[in-house]
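Have a look at the structure below, then the notes.
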Amino acid sequence: MGDPRCAPLLLLLLLPLLFTPPAGDAAVITGACDKDSQCGGGMCCAVSIWVKSIRICTPMGQVGDSCHPLTRKSHVANGRQERRRAKRRKRKKEVPFWGRRMHHTCPCLPGLACLRTSFNRFICLARK
């Protein structure tokens, strides 16, 4: 190591250590999943923002988090059909959801609702 030509190589090897954040500041990347039941409490299995072909455990929406409304327009129909539709809509919002989520966000935590704040922006807010 006394050779001066080794200094640039040593610096190159140690440089990544200088820019690595301490353990407490690093991002936590949750694991891949197929179903909500594979994720811990307060999480759901949602589409990755970066790679659409995989799903990752994602935290459920807290107050102020952006969300997706996950609602359908209701059509005028007889009572039985409307009850079935309402039941299906409710099931889509539940965690664990037994189907495959097609959006990158989870529903809001219990007690919160996904409410419109502007034309195309929805956030989790306390139910009124």
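Glycine is no exception: its Cβ is also placed from the backbone N, Cα and C atoms.
What Swiss-Prot records for this protein:
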type	residues	note
DISULFID	Cys33-Cys45	disulfide bond
DISULFID	Cys39-Cys57	disulfide bond
DISULFID	Cys44-Cys106	disulfide bond
DISULFID	Cys67-Cys114	disulfide bond
DISULFID	Cys108-Cys124	disulfide bond
SIGNAL	1-26	signal peptide
* Structure fact -> The number of other Cβ atoms within 10 Å of the Cβ of Cys106 (disulfide bond), counted over all protein chains shown, is 27
* Spatial neighbour of Cys67 (disulfide bond) that is closest, considering only the disulfide-bonded residues Cys39, Cys45, Cys57, Cys108 and their CA atoms -> Cys108
* Asked: What count of other C-beta atoms do you get within 10 angstroms of the C-beta of Cys57 (disulfide bond), across all chains shown?
  -> 19
* If you measure C-alpha to C-alpha, which of Cys33, Cys39, Cys45, Cys57, Cys114 (disulfide-bonded residues) come within 10 angstroms of Cys108 (disulfide bond)? -> Cys114
* Structure fact -> A correct count of other C-beta atoms within 10 Å of the C-beta of Cys108 (disulfide bond) gives 25
* Closest of Cys39, Cys57, Cys106, Cys114, Cys124 to Cys45 (disulfide bond), Cα positions, disulfide-bonded residues only -> Cys57
* Going by DSSP, give the three-state secondary structure for Cys57 (disulfide bond). => strand
* Please name which of the disulfide-bonded residues listed here, Cys33, Cys44, Cys57, Cys106, Cys124, is nearest in space to Cys114 (disulfide bond), Cα against Cα. => Cys124
* Among the disulfide-bonded residues listed here (Cys33, Cys57, Cys124), which has the Cα closest to the Cα of Cys44 (disulfide bond)? -> Cys57
